[in-house]
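Features of the protein shown, as given by TrEMBL:
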| type | residues | note |
| --- | --- | --- |
| BINDING | 327, 376, 377, 378, 379, 380, 381, 382, 383, 443, 444 | ATP binding site |
| COILED | 542-580 | coiled coil |
| COMPBIAS | 30-43 | compositional bias 'Basic and acidic residues' |
| COMPBIAS | 131-146 | compositional bias 'Polar residues' |
| DOMAIN | 291-581 | domain 'Protein kinase' |
| REGION | 1-43 | region 'Disordered' |
| REGION | 77-100 | region 'Disordered' |
| REGION | 121-174 | region 'Disordered' |
| REGION | 581-681 | region 'Knob domain' |
| ZN_FING | 43-72 | zinc finger |
């Protein structure tokens, strides 16, 4: 035995039991060169000292103990306390069921740990004591804690304890990690939030497309501020629709436009006139019927303005289907083709105060030589003569009515300046185009709307009295004189053509502002190079601003009325969707389509809205009930209604919000389920 001690040393490694000093964390460790010691050296910075876990403190903490010592006050029994540095720490779910005991699955333990005392937790062990391996997260623990905050009773360990531990891909532990399905989809998406994991590559995340909510078309927009205080008679019910007077005016114009056109041309009129058909004589509805009859009987009498007989018709164009006005000049014979040269200039002119001229041609369809001028049609139009200058008819007692026009009162200055401004605007456009109106007779100036003026009959005298030797400036000066005489006629009842203007001017000075007299004196003065429509507009300049304000306010009012009418599209949209869904032909033999699910609710709702029956067995034809139900449906109210089947065997209580969801679901199902082999019936 003594010889063996002097011989060469054996290569065997002595096996000894671990000492208490080694277990307690002493620094005199003779086996530190062994593999177990190396493995222990790698694991000790991530393990909590057992003295702290058993006794609550470690007396070797300041003497070189290499294990982790949590700060005082840390709850070691909490599920999220970092007992180890295993990858399971990145799991945001509670770990009370997973880390119930120390196992050999997570890391290989050295031989010196075999005699360590068994750890007995202070809290009860979960129902499933078997450990579960979890898929390691690809982000540090600090980011996980941002997504799943710790309870308020816990303190956050220092950063050294939460250092990321990336698992080895070589599977040194001998256990393959399995996918843990205990985590919900919402919890798993917390750690994949790009906003919280900004340190990672943003290209690895798939951004979900946000669903764009439809606009709240069921909410009525408040009116404009300057028209938000309507009269009491128009508030609040009338605010949802256009005003009654505007509605009646538009309906009357539509009725007059197509009145009598369905029967074709009138008696004694050609069935077609070029591209126009269904000719009808325009009768003036603003004068008594007796005068209309006498006028129709004396159509062949010469016109006071055009010398020739000039009846007016309305006809339909076969090109665009619109209704136009046809003025016929009887007995006209074309002498010079250059007389139509100004017609092309009139056709290109589009002005709000001039009735548009479309075309002019000659014809023998009336069995004579006639000149036809086609203008835009303005139904229910009156003239300045009928509105303000026509003498009143005798009353029932046989006396003569006083005054002129509809009201029998002198024209108001505000209305007068409105007419002056619009006529001056039209003359400015005509003279700037190198033309002359040559026709400012009160019977040829239309009032197409309230105080809306349009010059009618433009271009007629350019053809009838074509004179190439006379300069157009002469006719323009005549326009200004005619304009002044028209103003005098509107202001004075007693003014007659050819009368000296001294007495009328004195009356204007007493009844109207000085600007009216100044303008009239300028217009009826002798022609001069300095006399032009531009100078007349300078005189009426301040009054033009008042007219501009009135037109803009009226435009704002019409825009507000148009915005209210836009809401009518909501009802049409709902009715269209219900028509697409209910009683489809391709699902006629499939009761699962209309008698189940969302379609069955919509079927009952249709019967509730349109097929209601009273107690007497008669159908209820109440339009207000239909509009009320459809408006509530479009708004998606929480109000509940009871839907009963036709056989009275089924009864459903649903809200308008649920019915609205059913419509959207069924409509989307139809839109996404196209059948290319189905032929539309």
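Each Cβ is built from the backbone N, Cα and C atoms, and glycine gets one as well.
Computed from a predicted structure; not experimentally measured.
Around residue 379 (ATP binding site), the same-chain residues six or more apart in sequence whose CB sits under 8 Å from its CB are 252, 253, 254, 256, 257, listed in sequence order. Residues near residue 381 (ATP binding site) in space but far in sequence (CB under 8 A, at least 6 apart, same chain), listed by position: 446, 447, 448, 454. Averaged over the region 'Knob domain' (581-681), the predicted model reaches a pLDDT of 82. In the three-state DSSP reading, residue 379 (ATP binding site) counts as coil. With DSSP states grouped into helix (H, G, I), strand (E, B) and coil, the zinc finger (43-72) comes out at 13 helix, 2 strand, 15 coil. Binding of ATP is attributed in the record to 327, 376, 377, 378, 379, 380, 381, 382, 383, 443, 444, and the widest Cα separation among these residues amounts to 17 Å. According to DSSP, residue 444 (ATP binding site) sits within a helical segment. The secondary structure of residue 327 (ATP binding site), as reduced to three states from DSSP, is extended strand. Residue 383 (ATP binding site): 19 other CB atoms within 10 A of its CB, across all protein chains. For residue 327 (ATP binding site), the Cβ neighbour count at a 10 Å cut-off comes to 22, with all displayed protein chains included.
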